[in-house]
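Annotated in TrEMBL:
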TRANSMEM  21-44  transmembrane segment
TRANSMEM  85-101  transmembrane segment
TRANSMEM  147-167  transmembrane segment
TRANSMEM  179-202  transmembrane segment
TRANSMEM  232-251  transmembrane segment
TRANSMEM  257-273  transmembrane segment
TRANSMEM  285-302  transmembrane segment
TRANSMEM  333-353  transmembrane segment
TRANSMEM  365-386  transmembrane segment
TRANSMEM  392-411  transmembrane segment
TRANSMEM  432-456  transmembrane segment
TRANSMEM  476-494  transmembrane segment
Amino acid sequence: MNTLEQIQNFKGKYPKQIWSLFFSEMWERFCFYGMRGMLVFFMIDQLNFEETAANLQYGATQAFVYAFTFVGGLFADKILGFRKSLFWGGILMIVGSLILATDPHQFFFLGIAFTVVGTGFFKPNISTMVGKLYKSDDSRRDAGFSLFYAGINLGALLGGYLCIAIGKGEMLSSVIAEGARWNVAFGLAAIVMVISLINFVFTQRSLGPIGLQPQMMRLDGTYYPIEKWKEYGVYILSLVFVPLIMVMVAKTEYTDYFMWTIGPLVLIYLFYEMSKVNAAERKKLWAALIFILFSILFWGIYEQSGGSLSIFAAKNLNKDLFGLDPNGVNNSAGAFFIIFLAPLIGLLWIWLSKRKIEPNTVIKFGLGFIFLGLGYYVLFATRLFADLQGVTSLNIFTIALLVITLGELCLSPIGLSIMTKLSTEKLQGMMMGLWFLASAYGQYVAGIIGANLATAKEGSTNYDALIAYTDGYKQLGIYAVIAGVLLILISPIVKKLMQDVK
Ligand code: GLN
């Protein structure tokens, strides 16, 4: 078995174990984004939901998915360890997608609820393990997370495209009977999740001690294993959550209550944990919290892609980019750009670090916001290319997505990386969960912003919609730039809190 020393003393740009995590996460994201891409369409087309109800329930599932990462991270730290959490989460995701594959019409919310809890156990903990491949002062860590992020998006792109295409019968319709298309589409999510777990099981040996179950310390300083009943208790508890989530997703007002309570509760718990660490560690956790809070704003603006931007794409964009469908471009261009740009930007960080001019994390975050803001400004500028019907250029829109993606790459993988650097050893999973909980709030905020943008009045023309949306995007762009500048201005304070961490 590799020792931690041997793993972390790797030569070259990336530790070789990263590929195991890369592929497991890639297939998990295939499953996740594959399902996510089918939800709204399936609810409207197959379950006869009203459009608003479908969108609200979709938003609820997204909020719960990311909220459960906190629970998954917490239990990984305290009881299961990262590997068992990942495995348990993967099993739940497989069960969820198999339920959907069997009878998606009858068991829709049951399958979704399993997937929600499963993702909570899988997603934060695999990310934390990437961080464990590096020594605390290794400057190649951000590059590793950028590579890992490319894997995330490769899975997202493939799953997001293939599952819905099969379900709708746009692909393989000659070999799959019409009545079985949705079963096959959800079944595909189950199959790739099995691949993800098999890949993990066969490669986990190379991870040495990384992700093993934590041990308890006796008063005399010796260790003993966690009691089995606690481990089984977590498994049972997570199953108890399944029916609860089913109820909460079905009645979306519960999502509001949930979102209003979970955040404060989690913060109180964080402050309790912070009271138990030393002053230097506490400062780092404060810095982590600042990054987490800023990321809520980032995702709130960024996540317009699933909401208002998809309506904008349908109504206001032409096909001047190779005749491609504007909604298809809106759904997939971000992931497409990331697959190519993420490894390059990772190498750029390494190159800059060798020359001692790599920007630190606060500045990278600031840049993330500024790119996001510029991207939204380009979205605003699409109105300058519009015809009298309010239809404008998909090319310009795609450039906006490219700029937004550059922002994402300065913030999202870097955020994963900084969580692993700023957390104390015993709080790694929980802090990663908190990072994703911010995404849950981001999704939530994005829904509210999107709904406000979409208040186009009865009888308004396409051109009015163009003006209303692009005005909104300009506002969002300005907020993003302000946040970026603010971050750069407060960077000396945050850097002080971070101490030796870059
Ligand atoms: N797209 C990324 C992923 O799926 C980031 C998601 C998020 O943090 N909101 O991992």
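Each Cβ is built from the backbone N, Cα and C atoms, and glycine gets one as well.
Counting Cβ pairs under 8 Å to the transmembrane segment (21-44), the top-ranked stretch among 85-101, 232-251, 285-302, 333-353, 432-456 is 85-101. The stretches the transmembrane segment (179-202) and the transmembrane segment (285-302) do not meet in space: the count of Cβ pairs below 8 angstroms, excluding pairs fewer than 6 apart in sequence, stays at fewer than three. Cβ atoms under 8 Å from those of the transmembrane segment (392-411) belong to residues 146, 149, 295, 298, 302, 313, 316-321, 324, 326, 329-330, 333-334, 337-338, 341-342, 345, 364-365, 367-376, 378-379, 381-383, 385-386, 466, 480 of the same chain, restricted to positions at least 6 beyond its ends. Residues 13, 139-140, 142-147, 149-150, 153-154, 156-157, 160, 305, 359, 398, 401-402, 404-406, 408-410, 413 of the same chain lie 6 or more positions beyond the ends of the transmembrane segment (333-353) yet place their CB under 8 Å from a CB of it. Long-range neighbours of the transmembrane segment (476-494) within the same chain, counting only residues 6 or more positions beyond its ends whose Cβ lies under 8 Å from a Cβ of the stretch, are 287, 290, 294, 297-298, 301, 304, 360, 362-363, 365-370, 372-377, 379-380, 407, 449. In summary, the transmembrane segment (365-386) does not lie against the transmembrane segment (432-456): fewer than three C-beta pairs, each 6 or more positions apart in sequence, are under 8 Å. Outside the transmembrane segment (147-167) by six or more residues, the chain places 14, 18, 21-23, 25-38, 41-42, 127, 130, 176, 181-182, 184-186, 188-189, 192, 331-332, 334-336, 338-339, 342-343, 346, 409, 412-413, 416 with a CB less than 8 A from a CB of the stretch.
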